[in-house]
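So the structure is just underneath, and the comments pick up after that.
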Amino acid sequence: GQIVYSIAEETERGASVGNIAKDLGIDAATLSARKFRMITGSSKQYFNINASTGALSVNEPIDREQLCELKSVCLLNYELVLENPLELYRMEFKVLDINDNSPSFPLSEYHVNMPEFLSPGARFTLPNAQDLDEGANSVQNYTLSPDEHFSLEMQIRGDGSKYPELVLKKALDREQQATHRLVLTAKDGGNPPKSGDVPVVVTVLDTNDNAPEFEHSVYRASILENSPSGTLVVQVHATDLDEGPNGEVRYSFSNTTSADLQRMFSIHPHSGEVTVNGVLAVQRPFLEMLIEARDNGAFGMSSTAKLLVEITDVNNHGPEITITSLSSPIPEDAVPGTVIALLSILDKDPGENGKVTCQISENLPFQLKPSLQNYYSLVTSELLDRELISEYNITITATDLGSPPITTQKTVWVQISDVNDNPPVFSADAFDVFVEENNPLGAFLYQVSASDPDIGENGRVSYTLRNSTVAGSALTSFLSMNLANGSIYAKRAFDFEQLRSFYFQVEAKDNGSPALSAAITVNVYISDQNDNAPAILYPTSQNGSVAVEVVPRLADEDYLVTKVVADDEDNAQNAWLSYHLAHSSDSTLFQLSPHTGELRTTRSMRSTDFLKHKVVVVVRDHGDPPLSSTVTVGILLADTLPQALPDFDDSGVPPPLLNATNIYLIVSLACVSFIFAAFIFFLAIIRL
């Protein structure tokens, strides 16, 4: 929005101008929190805003004439910037003129030479007074001190400006009075009016009764502002009807022309050529000078003409880009249209040379929108994604409409802050874990891993086990998990024979707000170990007695005595069983199938064979290392089943073959005997 205030110049410090909060509809209590600030191109801060009440007051008195010089309208432009949200208000202060300057003349005294032979009605140009005030407060009229020979009249030039002329009412007589002293007074239209006066000394001359006359009362010219020194501006010309030295004309700038303009331009005293003499360092489009033509008479007569020079602008200023406000970093979930920065773009050239177009690269998710005059807003045009691009270098290009155009660039660095918009992602759809049974407590099983492209707390992932049951027990009684790195540990030893596999879910959750999570299934497969020896199912013995099988006395060859049946709770090769004869009372009578466990006769029975036999069968699995079980089978040769089974542990049964223990005892006894014999031999040698 925009608001306009009017204030008289020289208003004292602290005077109230208005209430900016009330005038703009802003809550005054929020001004401090919204970091208000006033921005102006002026070198002085003329106004203050009370942060508590929003009252706008004068900070420093304004001198309108110093600030705006000869401008008819004096304006001060301020911008009020508020943040959270970002708002910009334009304030315009119209400085009203007061009658604080009196009219003044450039010189302290003016001299006018008049030939005595001039007739009444002769006119002489008098100097204009200058008043820095404007409008009605500027010079409005002139008065002349009473004199019987002179009167004052106002004349109008071709451009409408007025100037005073001294009019001769009565013929002069130098012999009676050679000098007339008058007072010229200039009054302004202020209330109360102010005035200034200057002495005018009229010297009566005897000769040269014609003043030079210009061809035009006003000369107009136009030059480029970058014209080099020596460039011709215009050539003025004046004629004098007198002859000889009284008719020779010399040109110069009038004393009322400012010293700055006299330094920038020069005039040839004889030809009347006005040329550029230096750098045209002015900001005004029109320059006004008075040129005086004076003859070479003994008491030279003069006249003046006005020269108006139009300075044609040249595109010699590039656009100036100023970042008034910048919000960085911005969250990646900012909606399109979010204001990022406020830019001020100015070009000091007037007209088309000062008009500016502004743009940024098309491949960026931003755009420039015109705001107030000479202001642009940099806003988002698309949704942002920090995980794709975390920062942008936005180059702003401003080009004026001059010929040739001038381009200025400025780069704005915008960072994108992270928002928790990405859940953790596991590296696979499911994880398979293989673990051997009989594992130690606390054994490491597996480490799940999930990644989160967010940063900081939004990307820090923690892991938990989802509540579930395994074989009727809580999952937490089987497993534990490191929340930080996803490592899974066993809390108990697994038994393949009781539990061969199970599954559970791991949840990965980030630390954002609100937190995002993902879950994955982990399948656990328990590998078998050879931890179970074969179990003999048949034949079985009771109370430690030997299982007895009855075989016909004269059984034929390959007669099935019995079949050893065994089972192993392990799996695969750990449960593959083989059968072996560890001991047989008659190795030539029985044989055992290693795969089926069938015990058969190797020949027909004879009448001379023992009636009782005992065999020991070893059942062995294929684990690593292998485990085994044994069963002792007593074989009774009888045609009928006896009422009482004989004892198979008596001496009638052939002694078993040497077992490992017996071999160890025999080897130990042999070693001791050898050592003892060696010791006796050693003692005998010593005695000899």
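Placed from the backbone N, Cα and C atoms, the Cβ positions cover glycine too.
Feature annotations, courtesy of TrEMBL:
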DOMAIN    6-105  domain 'Cadherin'
DOMAIN    106-214  domain 'Cadherin'
DOMAIN    215-321  domain 'Cadherin'
DOMAIN    322-426  domain 'Cadherin'
DOMAIN    427-536  domain 'Cadherin'
DOMAIN    561-648  domain 'Cadherin'
TRANSMEM  663-686  transmembrane segment
Composition by DSSP (helix, strand, coil) of residues within the domain 'Cadherin' (561-648): 4 helix, 41 strand, 43 coil
Per-region confidence, the domain 'Cadherin' (215-321) (mean pLDDT, whole number): 87
DSSP-derived helix, strand and coil totals, residue by residue, for the domain 'Cadherin' (106-214): 3 helix, 53 strand, 53 coil
